[in-house]
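Positions annotated as active site, nucleophile by TrEMBL: A:T201. The substrate binding site feature in TrEMBL is assigned to A:R229, A:I230, A:G231, A:D232, A:T251, A:G252, A:E253, A:G254.
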Amino acid sequence: MAKWAIAIHGGAGVDPNLPEQRQEEAKRLLSRCLQIGVDALKARQSAVDVVELVVRELESDPMFNSGRGSALTAKGTVEMEASIMDGRQRRCGAVSGLTTVKNPVSLARLVMDRSPHSYLAFAGAEEFAREQGVETVDNSYFITEENIGMLKLAKEANTILFDYRIPLTGADTCSASVGSLVPDTSLQMNGLPISIYSPETVGCVVVDSTGNCAAATSTGGLMNKKSGRIGDSPLIGSGTYACDLCAISCTGEGEAIIRSTLARDVAAVMEYKGLNLQEAVDFVVKERLDEGQAGLIAVSRNGEVACKFNSNGMFRGCATEDGYMEVGIWE
Amino acid sequence: MGWAIALHGGAGDIPVDLPTDKRAPREATLRRCLDLGVAALKAGHSPLDVVELVARELENCPYFNAGRGSVLTTNGTVEMEASIMDGTSKGCGCVSGLTTVVNPISLARVVMEKTPHIYLAFDGAEAFAREQGLETRDQSYFITEQNIERLKQAKEANRVQIDYTQPQPIKEQAIPRSEGDSQIGTVGCVAVDRNGNLASATSTGKMVGRIGDTPVIGAGTYANTICAVSATGKGESIIRNTIARDVAALMEYKGLSLKDAANQVIANAPKGTVGLVAVTDKGDVAMPFNTTGMFRACAVEDGHSEIAIW
């Protein structure tokens, strides 16, 4: 019997000055979700069931940028996307442009399981959601006060802004330029100082006790994005990938992840160059990201787990059958 | 080391007894597009310019499933998507859910060059097209008589529409209902210039609310410094097999030649589902497919050129 393993993430690229309290909150959430996955694996649930379960949990919590708590579009609304892939036969499902579906990852799963298609988006995806009877809510459900404030900041700065999770007191009188809030401008992510960039996307990868791998990724996308902007999370081969060897979920600068087909490349170097999981992950993050910043989590069919990022930190957690369990933010 | 270009007008179950009046205009279009691309390469245009130019021409042609002539959705409407990739910079641009933009591939290019994003879709993409002053036309522009007729036939036969022109009703063993997109969907072009710069472009018409392989980087389109690939066929197969990326990955990570890499990728996909065109920085060309046929054409600087269907 194969050994199970699981890894989760809550996004890559973290402000080094993130308040302690926030860090603790994040680690608690990661631990909770990781435990949910571990319990499911111990109960012999399949990899694809486990990744869906765990990502649903991450989507439901407003802390990270997916489902509730998603970043806002320039219009102040939420548009979510997600993808899921089952390493057995590489079946996959993806969705984009969701505005009412409570758990995007579950709709992606239905696309995979119940439609002849791989990827549904916007009106077509919403219609499919109704046909399938998934839980839908008003768009306002996904919008948090904090993100409304964030969007205002972003518009004032007139740049694309990722979630800025540092408390707004003082910042909501923001005639102060965004720059003055930034103690350290040397660290950047997607062109923004790290303290106004905050990670986006959640994901989970699992290898179950039968050696099958699966991956899922979910996000609300970039703060202040143009409506209709699609990132790497729903793109098979970029944000998500799973095959019989491994499963990967990525996070970070979406454009860099797409250009480098990051998730697929981890599997490709294992397959075509014979690298093991850690070697593959190291190689891809080091050699394939060019100037882009991103992170990924990965598992192999042998029960190995690997996390790597070239950004400043990545919210993550990993656990393996032999008892190892850890959550972290920094290197 | 010279320039090379390859283009396709879709792979699928093209009947070998395709009547002349259906065959001739398609071959003529392939010839015209090939000549256009070759002339541009000879004149020293960048591969990115060349693939866009050729894809636009294919989009404008009503005989192939992209732009004008796109397969109709069950509502009788048109929805288009496209992607473009520059092998040198690995820059890419993708669009989906277009309904009025005359040349989707050009919008994809503008997304790549004028936004910090890679992929725009639906209302957002349409709005952006207007902001950028791209040519838009009413839906009726895209709808051809032939495709209205085909949609009617498809509905009567209760099958998803197939885009190859058959005057008679669709055969029983034709594509089963689960084929969301046209088997002969999609047009594409790949090119390399004398300096080894590569680019790829792919464009198609689609069923409403669905996204296929065409705008997914790594699936329908890919280009880096080693090769450029454009794929066509069954979307699901192309996405899960990451067709375009895999050709390049086999060359890069396993050291295979273009021919071997392309053939392996095609062989590993279920029969009858995929075709591709590819060129390398050295000017090699490959156009394999595991379907009945693929409308295609290629030319290389040393003079060899080819137009074929089966």
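Numbering starts at 1 and runs along the chain as displayed.
Note that Cβ sites are derived from N, Cα and C of the backbone, with glycine treated the same way.
Under 8 angstroms separates the C-beta of A:R229, A:I230, A:G254 from a C-beta of chain B, among the recorded positions A:T201, A:R229, A:I230, A:G252, A:E253, A:G254. A:I230 (substrate binding site) sits 13 Å from A:T201 (active site, nucleophile), counting Cα to Cα. Summarising the environment of A:E253 (substrate binding site), the number of other Cβ atoms within 10 Å of its Cβ, over all protein chains shown, is 27. In this view, A:T251 (substrate binding site) is surrounded by 34 other Cβ atoms within 10 Å of its Cβ, with every protein chain counted.
Fewest other C-beta atoms within 10 angstroms, among the binding-site residues A:G231, A:G252, A:G254, are seen around A:G231. Across the fold, the C-alpha of A:T251 (substrate binding site) and the C-alpha of A:T201 (active site, nucleophile) stand 6 Å from each other. The separation of the residue listed as 'active site, nucleophile' from A:E253 (substrate binding site), Cα to Cα, is 10 Å. There are 33 other CB atoms within 10 A of the CB of A:I230 (substrate binding site), with all protein chains counted. Comment: substrate site residues A:R229, A:I230, A:G231, A:D232, A:T251, A:G252, A:E253, A:G254; largest CA to CA distance 16 Å, whole number.
Note on the recorded positions A:T201, A:R229, A:D232: the fewest other CB atoms within 10 A surround the CB of A:R229.
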